[in-house]
Amino acid sequence: MSSGGLLLLLGLLTLCAELTPVSSRKRHPDCDKPPDTKICQTVVRAFYYKPSAKRCVQFRYGGCNGNGNHFKSDHLCRCECLEYR
């Protein structure tokens, strides 16, 4: 991995750590909503949290702004939706 890639990864991990309180935290309520797969604009790769699998899953997001359970990366999805104990 290039040094630029490592710096980006370090920055994302730092951001996730800063946004995650040290104490126990529950996931955002939008993380329990189903993915919005309607097509309104350009289709892009996105991730949503799948509660039954307890993980983030890739899907095709059509830009309809349906709910808050869509993220640009798996990392951002995990930061927002995984429970920390």
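Even glycines carry a Cβ here, placed using N, Cα and C.
Quick caveat, the model's predicted, so the values are computed rather than measured.
When the candidates C31, C40 are compared with Swiss-Prot, only one is recorded as disulfide-bonded to C81, and it is C31. Swiss-Prot records a disulfide bond between C56 and C77, which is the match among C16, C77, C79. For C64, the disulfide partner recorded in Swiss-Prot among C16, C40 is C40. Cβ neighbours of C31 (disulfide bond) (same chain, under 8 Å, six or more residues apart in sequence): Y49, P51, G68, N69, E80, C81. According to DSSP, the domain 'BPTI/Kunitz inhibitor' (31-81) comprises 10 helix, 17 strand, 24 coil. Of all Cβ atoms in the shown protein chains, 24 besides its own fall within 10 Å of the Cβ of C81 (disulfide bond). Its Cβ placed at the centre, C40 (disulfide bond) has 12 other Cβ atoms within 10 Å. Around the Cβ of C77 (disulfide bond), a 10 Å sphere holds 23 further Cβ atoms from the protein chains shown.
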